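Working notes for the structure below.
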Amino acid sequence: MQHTNAPLWRPQSELTPLPDTSTLDWLFDEGSLTRRLTHLSDDGFSVTPLFEGWQTLRDDECAALDLAEGSEGWVREVYLRGHGQAWVFARSVASRSALQGDGLHMDELGSRSLGELLFCDHAFQRRAIEVCHYPEHWLPEGSRAAGLWGRRSRFDRGALSVLVAEIFLPTLWEAVRARPENC
C-alpha cells in the first residue's frame, strides 16, 4: 500500500509527457551521478550527510526492495553538493537483514559518496531507473518545492539490495544552464 500522496515511479517507456532533452538525459543517465556532478563542479563536489539510521521504510521502498510493508532498514539521506550548493537530495535505503548478512557498512560512509562505492564494486547490478515528481513533503525543509524530478534505482549484490533515490534540486538545473560544456 502506498502512503497518501506517494509518487508513482515510472520507467522511461511509461513517461508521458516527456521532460525536455537535458532533464531526460540527467534522469536516465546510467553512469555515476557522483562522477557527473564532480565534472560539472570542476571537482568542487562534496557530500553532506543529513540523516543516517534505522527507520521503518516507506511502503514504496518496501515494494521496490521486495520487503513486507513496515520493514525496518538503514536510511541514509544526504545532499550532493557542487561548490557548497545543494544540487541533489539523495535517499538510500537497505533492509536490516540484508545489510547484516552482507557486510556493507553504510553506517561508515560519512561524507563519502555511496554512489562511488556502488559503481566501483562491479558485483552490484543496477536495475532499471524509475522517475517521478518527488513529493514535496518528503524533502528536507530547506529544499521543499513542488514538481521536482526524482529518480531511483535498485542495486543488487547477492542477497543485498540498496535502493537509491536522487532528487534534482533547482540549483542543479541552474548550474547545468551556466556550464553546458561540463554536462
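For all residues, glycine too, the Cβ spot is worked out from N, Cα and C.
Residues Arg76, Glu166 are recorded by Swiss-Prot as substrate binders, and the candidate that the same record lists for that site, out of Leu40, Leu114, Leu139, is Leu114. Close to the recorded substrate site, the chain also has Glu77, Val78, Ala90, Arg91, Ser92, Ser113, Gly115, Val164, Ala165: residues not among Arg76, Leu114, Glu166 whose Cβ is within 8 Å of the site's Cβ mean position.
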